[in-house]
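Asks: Have a look at the structure that comes next, please.
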Amino acid sequence: MCLRLGGLSVGDFRKVLMKTGLVLVVLGHVSFIAAALLHGTVLRYVAAPNDAVALQYCVVDILSVTSAIVVITSGISVIVLSRYLPSIPLRWTVFSSSVACALLSLTCALGLLASIAMTFATQGRALLAACTFGGPERLALAPDCPFDPTRIYSSSLCLWGISLLFCVAESVFAVRSAQLAYQVLELRPWLGKSSHRMMQESPEPVEDPDLPSRTSSGPMTL
């Protein structure tokens with residue numbers, strides 16, 4: 001008897017779950033670091049409740065941090081599922097957390113894309129609001145400017161681009177994780193069934209008892 005899950009043996013399926021969980025954990029940590037760097041180097045200077053663009057920057061950064069934490073949690077649950085595969089509550093936990101992770105990462109990616117577009121549209125004026133000089137065409141390191149204005153524009157776009165790539169990757173692997181959890185939950189609603197067989201028995205030759213055995217006999221003489 002050969003047990004198969006989604007065309008893979010149980011051992012191979014556990015390995016796929018383990019690798020997917022590890023990738024989610026790594027992506028979540030890197031995305032969290034990128035969001036923390038963005039807040040520490042840029043957004044802590046431009047947080048202004050009366051500025052809609054700066055407020056949108058901060059909301060997207062908070063969303064990025066939240067998404068990274070959810071991704072890490074989802075990756076850990078996938079790794080645990082690879083060890084305790086028969087647990088039904090754990091399967092549902094992985095499935096629900098993976099779906100939430102995919103939606104949150106996709107929302108985060110759209111928010112980061114909007115931040116990049118608004119930065120290009122406004123030429124980074126919201127990033128330079130803490131400085132007193134007139135505009136980005138007069139960039140100079142002034143004593144009353146809390147950061148280097150010559151680098152904040154490129155640094156922000158670079159960190160936003162990195163975070164955007166990682167959010168897209170997180171959503172892809174979260175969908176993959178949800179697909180794997182969907183397979184072990186044995187849900188096939190489009191077939192009109194709540195469960196399907198994932199155990200396939202290898203065919204074995206069986207002798208028919210009603211089939212007479214033919215033995216060689218000598219010639220009959222009358």
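For all residues, glycine too, the Cβ spot is worked out from N, Cα and C.
According to Swiss-Prot, the feature compositional bias 'Polar residues' maps to 213-222. The region 'Disordered' annotation in Swiss-Prot covers 198-222. Under the heading transmembrane segment, Swiss-Prot lists 22-42, 62-82, 100-120, 155-175, citing sequence analysis as support.
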Asks: For the transmembrane segment (22-42), find every same-chain residue at least 6 residues outside the stretch whose CB is under 8 Å from a CB in it, and list them.
Replies: 57, 61, 64-65, 67-72, 74-76, 78-79, 101, 127, 147, 152, 155-156, 159-160, 162-163, 166-167, 169-170, 173-174, 177
Asks: Is the transmembrane segment (100-120) packed against any residues at least 6 beyond its ends, judged by a Cβ distance under 8 Å, and which are they?
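Replies: Beyond its ends, the transmembrane segment (100-120) has Cβ neighbours at 24, 53, 56-57, 59-60, 63-64, 66-67, 70-71, 74, 126-127, 153, 156-157, 160-161, 163-164, 167-168, 170-171, 174-175, 177-178.
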